[in-house]
Amino acid sequence: MAGRAAPAPGALLCALLWAAAAAPGGGPGDNPAPGAFGHVYRGAVNISAERVYAFAYRSEPGQVDAVRVYVNSSSENLQYPVLFVVRQQKGVLSWQVPLIFRGLYQRTYNYQEVSRTLCPTEPTPETRPSDQIIFVDVASMAPFNIAYELLVTRLENFQLETNKAFNFTASPSQPQYFLYKFPQDVDSVIINVVSDAAYPCSVVSVQDIVCPVYDLDHNVEFNGVYQSMTKQAAITVQRKDFPGEQFFVVFVIKPEDYACGGSVPSSIHGNVNRTWNLQRTKNLQVTIVPSIKKSVYVQAMFFSFLSFLSFYLGSVVVAFVHYISTDMKLSVPPGSVSIAGSGMMTSSHPISASTPEGSSYGAIDESSSSGGHQLSSPERRPPAASDTDSSVEEESDFDTMPEIESDKNIIRTKLFLYLSDLSRKDRRIVSKKYKIYFWNIITIAVFYALPVIQLVITYQTVVNVTGNQDICYYNFLCAHPLGVLSAFNNILSNVGHMMLGFLFLLIVLRRDILHRRAMEMKDIYTLDYGIPKHFGLFYAMGIALMMEGVLSACYHVCPNYSNFQFDTSFMYMIAGLCMLKLYQTRHPDINASAYSAYASFAVVISLAVLGVVFGKNDVWFWVIFSMIHVLASLALSTQIYYMGRFKIGECYMGIFRRAVMVLYTDCIQQCSRPMYMDRMVLLIVGNLVNWSFAIFGLVYRPRDFASYILGIFICNLLLYLAFYIIMKLRSSEKLLPIPMFCIVATAVVWAAALYFFFQTLSSWEETPAESREKNRPCILLGFFDDHDVWHFLSAAALFFSFLVLLTLDDDLDTVRRDKIPVF
């Protein structure tokens with residue numbers, strides 16, 4: 001930095017020097033020599049010879065004057081350093097040369113060149129100039145002379161300007177700091193700091209206008225807000241946090257790079273006394289730009305809510321059109337039936353008047369293609385019984401009958417299964433079974449969310465109190481604070497999950513009400529048409545979508561390595577519930593119970609936590625996990641293929657024995673064609689996908705274990721959904737306009753969402769400084785970044801995905817269940 005010499009008033013300087021020389025106790029070193037700014041002073045000191053320099057200058061009214069002191073000593077003797085003490089009107093600053101920094105393993109780094117900026121004098125309200133004086137004392141306890149150099153300059157560019165880049169150089173022994181004052185019309189600014197070189201590692205700090213200024217590696221974290229930096233850093237500063245409406249921006253270069261992801265010293269040995277004067281200098285550029293105004297916050301909130309309220313409006317329009325079309329179909333033939341699915345559908349299959357009185361919901365008549373077996377059904381309960389009967393009627397009411405158990409074993413070994421074969425249980429009992437999913441997920445959500453909220457509030461409090469912005473991995477170039485929250489935009493963008501989750505609950509509730517009304521209008525127990533309507537899993541999916549928004553918002557309060565599982569836990573549950581719902585559609589009697597399903601999800605989340613703790617470098621964990629993954633895939637495959645049902649938790653050794661026996665007899669002895677070819681193709685592809693995931697994890701051991709497990713779930717869900725749609729079309733079933741639109745919308749929105757998801761803006765897999773290299777400015781309304789757009793689009797994509805599952809089989813509402821194949 002260039003300095004300029006300011007001639008001191010002669011009378012003032014002479015008076016000050018006379019007073020210092022006449023002071024009692026004065027010795028040879030107590031008489032200050034007059035100093036001039038910009039002049040290099042060379043000398044030598046020892047135990048009996050000290051030097052004192054006096055620098056006087058005149059401060060103009062309203063001006064902040066900063067002085068920088070540069071010192072150098074050729075001595076490397078750590079036993080007898082040269083001590084420099086600078087005395088000002090309101091403070092004292094001291095250091096020694098060589099200046100020693102300590103790193104890991106007690107390594108020491110010595111610097112013989114040191115320069116420090118003195119704490120500037122505050123501008124006075126006086127209208128005339130004021131005179132200031134600085135004393136610089138140079139001393140040493142060495143019994144011999146030690147040479148030194150001294151240079152004192154006044155800084156010309158000490159105050160940073162808005163929207164104007166400023167370049168400078170810093171090193172560990174020569175830190176820099178500058179002053180910034182808020183303009184009148186600016187309430188918030190962003191400090192952007194960039195460098196062409198990643199290393200040496202540096203620290204950017206924002207401190208209030210107080211003395212002393214903490215500008216060394218060992219004390220820069222004592223005050224203000226700070227963050228480490230390699231190539232890029234950004235700190236948002238608000239006027240309200242600084243009563244004086246001004247602050248210091250401090251730049252410190254660290255003696256080692258380990259804090260920024262650089263190499264770590266291997267031992268304490270080596271050149272511990274080596275000097276590092278020219279080794280660790282860094283060129284930096286700082287630019288301070290105004291942040292967004294309050295009106296942008298209002299616009300962003302309106303945009304967020306109105307965008308998703310448009311989904312509500314669209315749903316109302318669809319429901320109204322559907323109501324009008326249904327109202328036009330009220331005049332139906334006497335033999336027709338109305339079924340609640342997507343609404344009231346006119347049936348082209350009249351029900352025979354001779355339907356047996358004892359037939360239960362989903363019973364198979366004599367004309368059913370059941371392989372020649374006429375199966376008896378339990379006596380139907382009175383139609384007057386409601387869905388809210390007491391829980392004394394349990395699932396075991398059906399299975400405890402020996403003849404039904406025998407029929408079940410016969411049915412599930414048939415070559416061709418139809419929906420009527422797997423929808424024979426009492427509808428009320430099955431509905432209660434699926435309602436447990438809804439109530440259990442509410443309980444899980446409450447007990448899971450409360451400690452999560454408490455934890456992230458603690459995280460945010462620690463960040464605000466300590467000022468350590470390395471705790472949370474934000475996109476600092478687009479992190480807009482509000483209140484105590486550091487990145488309100490990342491939280492606001494999750495409102496879509498909550499609003500669309502609630503909308504999905506309303507849509508499911510409407511279908512449920514229509515279904516109940518149809519039951520009241522017609523004797524539903526005599527109907528044998530369409531997919532059985534059980535809404536418990538759909539309600540659970542809606543709650544899961546809402547909770548994904550809540551927990552994602554909690555994660556983004558302070559995103560980091562420790563709490564990333566908050567953002568993915570309910571994604572596991574969403575993927576699992578979707579697979580269960582897809583399977584339950586054509587296997588309503590034999591789907592997994594809520595207790596088994598949620599217990600399985602708990603195991604998955606436990607594995608995710610273990611992966612976060614042990615999944616970094618521990619090979620043994622990946623070996624065990626890969627074995628569990630492969631064995632679980634095989635057990636599930638054999639259960640689905642040979643047993644014809646999907647029941648989590650029943651992995652008996654008999655399953656594997658049966659699989660081995662069938663493989664031996666079918667493939668080795670006679671090499672016959674698989675009995676269930678379609679299912680075999682699905683399971684072979686599914687196992688190949690899962691084994692590939694297991695091998696990938698074992699070989700590469702990804703650090704983001706939570707996303708790795710989520711990828712497994714999503715790939716299996718997409719594989720099963722694709723199989724289901726293909727089999728549906730192969731069975732000459734059709735896709736109605738609404739599910740077709742939802743499928744196309746799902747594909748398009750997911751593609752757009754994934755594009756923004758892979759625009760990595762931060763990464764807790766790296767150090768905070770390395771993560772900030774990925775930070776990018778806002779792209780939407782000057783408020784939302786790429787990840788926020790991912791939140792918006794992923795919420796819409798999940799909503800459309802749920803609608804696909806809800807409406808996919810609406811075309812079957814007028815088809816008899818003994819004509820609907822199971823796959």
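Sequential numbering from 1, following the chain as shown.
Glycine is treated like the rest: Cβ placed from N, Cα and C.
If you look up TrEMBL, you'll see 348-358 marked as compositional bias 'Polar residues'.
The feature compositional bias 'Low complexity' is assigned by TrEMBL to 367-377.
Per TrEMBL, the feature compositional bias 'Acidic residues' maps to 390-400.
The signal peptide feature in TrEMBL is assigned to 1-22.
Summarising the annotation, TrEMBL assigns transmembrane segment to 296-321 (among others). Only residues 6 or more beyond the boundaries of the transmembrane segment (296-321), in the same chain, are considered here, and those with a CB under 8 A from a CB of the stretch are 480, 482, 488-489, 492-493, 495-496, 499-500, 503, 506-507, 510, 738, 781-784, 792, 795-796, 799.
The feature transmembrane segment is assigned by TrEMBL to 437-457 (among others).
Sequence annotations record features per position, and here TrEMBL assigns transmembrane segment to 491-509 (among others). Remote same-chain residues near the transmembrane segment (491-509) are listed as 300-301, 304-305, 307-309, 311-312, 315, 485, 535, 538-539, 541-550, 552-553, 556-557, 784, 787-789, 791-792, 794-796, 798-799, 802-803, 806 (criterion: CB distance under 8 Å, separation of at least six residues from the stretch ends).
Look at TrEMBL and you will find 537-558 (among others) tagged as transmembrane segment.
The annotation transmembrane segment is assigned in TrEMBL to 564-583 (among others). Counting residues 6+ beyond its ends, the transmembrane segment (564-583) has Cβ neighbours under 8 Å at 437, 441, 445, 448, 452, 456, 537-538, 540-541, 544-545, 547-548, 551-552, 554-556, 591-592, 597, 600-601, 604-605, 608-609, 612, 646, 704, 706-707, 709-710, 713-714, 716-717, 720-721, 724, 764, 798, 801-802, 805 in the same chain.
Distant neighbours of the transmembrane segment (595-614): 436-437, 440-441, 444, 561-562, 564-565, 568-569, 572-573, 576-577, 580, 621, 625, 628, 647-649, 705-706, 708-709, 713; these residues of the same chain sit at least 6 beyond its ends, with a Cβ under 8 Å from one of its Cβ atoms. TrEMBL lists 595-614 (among others) with the feature transmembrane segment.
The annotation transmembrane segment is assigned in TrEMBL to 620-643 (among others).
With a cut-off of 8 Å between Cβ atoms, the residues of this chain six or more beyond the transmembrane segment (680-699) that come close are 622-623, 625-626, 629-630, 633-634, 637, 640-641, 674, 708, 711-712, 715-716, 719-720, 723. Annotation source TrEMBL lists transmembrane segment at 680-699 (among others).
Counting same-chain residues at least six beyond the ends of the transmembrane segment (705-726), those with a Cβ under 8 angstroms from any Cβ of the stretch are 564-565, 567-568, 571-572, 575-576, 578-579, 582-583, 604, 607-608, 611-612, 615, 629, 682, 685-686, 689-690, 693, 697, 735, 743, 804, 808, 823. If you look up TrEMBL, you'll see 705-726 (among others) marked as transmembrane segment.
Summarising the annotation, TrEMBL assigns transmembrane segment to 738-758 (among others).
Remote same-chain residues near the transmembrane segment (789-808) are listed as 304, 307-308, 311, 342, 490, 493-494, 496-497, 499-501, 503-504, 507-508, 511, 538, 541-542, 545, 548-549, 552, 574, 578, 581-582, 585, 721, 724-725, 728, 735-736, 738-739, 742-743, 745-746, 749-750, 752-753, 756-757, 759, 779-780 (criterion: CB distance under 8 Å, separation of at least six residues from the stretch ends). Look at TrEMBL and you will find 789-808 (among others) tagged as transmembrane segment.
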